[in-house]
Amino acid sequence: MEKFVLSLDEGTTSARAIIFDRESNIHGIGQYEFPQHYPRPGWVEHNPEEIWDAQLRAIKDAIQSARIEPNQIAAIGVTNQRETTLVWDKDGKPLYNAIVWQCRRTAEMVEEIKREYGTMIKEKTGLVPDAYFSASKLKWLLDNVPGLREKAEKGEVMFGTVDTFLIYRLTGEHVTDYSNASRTMLFNIKKLDWDDELLELFDIPESVLPEVRESSEVYGYTKKELLGAEIPVSGDAGDQQAALFGQAAFEAGMVKATYGTGSFILVNTDKMVLYSDNLLTTIAWGLNGRVSYALEGSIFVTGAAVQWLRDGIKIIKHASETEELATKLESNEGVYFVPAFVGLGAPYWDQFARGIIIGITRGTGREHLARATLEAIAYLTRDVVDEMEKLVQIKELRVDGGATANDFLMQFQADILNRKVIRPVVKETTALGAAYLAGLAVDYWADTREIAELWKAERIFEPKMDEKTRERLYKGWKEAVKRAMGWAKVVDSAKSN
């Protein structure tokens, strides 16, 4: 009987389930969206029951579309939107909505903590204190949900990120992995344990915390009434770390970029815990008794800039049109677009930056705007890669995400980086990474060497641009960024006058 691995890919807007075989081929997919809830401006929540319902339906659809029986599934891997914070009781019943990673309700609280404890938090967790991470969200829940802190003190509350909630519902086990724990701002990435000083700082009782395990081991077995079989749940990693694993980036210096609404770039630093002023240090995964680390750069707006061309100023109807428009021009004739709609992420970290389009003349048309948008994505990626290069030597960039279908963008990315950009055959690298981690735990795959041999390039984009042109274009980009930075402060100052 042929066996398969099931990957659960729980994102910010939808829950997906994908079934892979030993050669990494996809046999079945299920996907269901779930609603976002916005109770106040800047607040973002999910209903955990809606997440669970969407995930369970996606699993059943994937099994059905693959035309297999549940007992043909050798293992289940979980990957998830990171940082999103949930609390539930011992019966698995949610005690409040999930507070989503995008939610800014704790921004002021974190700013106060950052002023006094920012350096200490960065040294312990590798993270720059921000409302993005789980610690302040959990503190808010304990302080604001009636009766929750009292229940927590009695050991009746369980906290976790989305992976932990799904694994608890599937198996009854309260666990997470190193990669997800490292995004809570409560986990000491050197000691590999919850940090007492941080728990005290955020006033969080240890009893609510899950057990932290490796990213590839059997955490438990699915309850038979759910799927009709007891299947080992044996892989767990946050979405960006799972994508790094799915790209078979197992050695130091191997880097991947995921192009989505924003972009995330991770470089494997292996056993080295490296610190950068402008990048996050995080755990990539725990495997076979050792932990691998990574540096991460988060870019807030990339694909969202293309969506703005479509939905905001309506100069395109489909994202794919940008490639055709961009290739109509031999050059962009000095037009730059800095898509700092919500500030700039790595390596600038300027929340007061705002979007600008600069270099416009009477001859500027929608071709220039489309091209400037795609070029901005590549420039922003180079900004992060250059920062990584200060600490780690980088030879090539492996890419995934929807925008990788755009050949103009991929070629320009190779040109502006002066490095190969490699697009893999299997585009579902996040789900594939979780599947690999699950399969390794049950000997479905032997080791990472076998997985590295399975990874195949669909196309390699070689740099073609001469150095003089490349550096002239990039210098123009850096000048454009300077003009975008701090713009919200300029506007506020003008208002107050």
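The backbone N, Cα and C atoms fix where each Cβ goes, and this holds for glycine too.
The structure displayed is predicted, hence computed values, not measured ones.
Under DSSP, Thr261 (ATP binding site) is assigned to coil, being neither helix nor strand in the three-state scheme. A simple way to gauge crowding: the CB of Thr261 (ATP binding site) has 16 other CB atoms within 10 angstroms, across all the protein chains here. As annotated by Swiss-Prot, ATP binding site applies to Thr12, Thr13, Ser14, Thr261, Gly303, Gln307, Gly402.
Under the heading sn-glycerol 3-phosphate binding site, Swiss-Prot lists Thr12, Arg82, Glu83, Tyr132, Asp239. DSSP classifies Tyr132 (sn-glycerol 3-phosphate binding site) as coil under the three-state reduction. Under 8 Å, Cβ to Cβ, and six or more positions away along its own chain, Tyr132 (sn-glycerol 3-phosphate binding site) finds Glu83, Trp101, Gln102.
If you take the C-beta of Gly303 (ATP binding site) and look for same-chain residues 6 or more apart in sequence within under 8 angstroms, you find Tyr259, Gly260, Thr261, Gly262, Ser263, Ala319, Ile377, Gly401, Gly402, Ala403. DSSP assigns Gly303 (ATP binding site) to a helix. The ADP binding site annotation in Swiss-Prot covers Thr12, Arg16, Thr261, Gly303, Gly402, Asn406.
Residues or ranges marked as glycerol binding site in Swiss-Prot: Arg82, Glu83, Tyr132, Asp239, Gln240.
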Of the binding-site residues listed as Ser14, Arg82, Gln307, the one whose CA lies nearest the CA of Asn406 (ADP binding site):
Gln307
In angstrom units, rounded to an integer, how far apart are the Cα atoms of Arg16 (ADP binding site) and Arg82 (sn-glycerol 3-phosphate binding site)?
15
Sequence gap of 6 or more, Cβ distance under 8 Å: name the residues on the same chain that satisfy this around Gln240 (glycerol binding site), in order along the sequence.
Arg82, Thr258, Phe264, Leu266, Glu296, Thr430
Whole-number Å distance separating the Cα atoms of Asp239 (sn-glycerol 3-phosphate binding site) and Gln307 (ATP binding site) is 22
Three-class DSSP secondary structure - Gly402 (ATP binding site)
helix
With H, G and I counted as helix, E and B as strand and the rest as coil, say where DSSP puts Gln240 (glycerol binding site).
helix
Validating a neighbour-count step here. Other CB atoms within 10 A of the CB of Asp239 (sn-glycerol 3-phosphate binding site): how many?
26
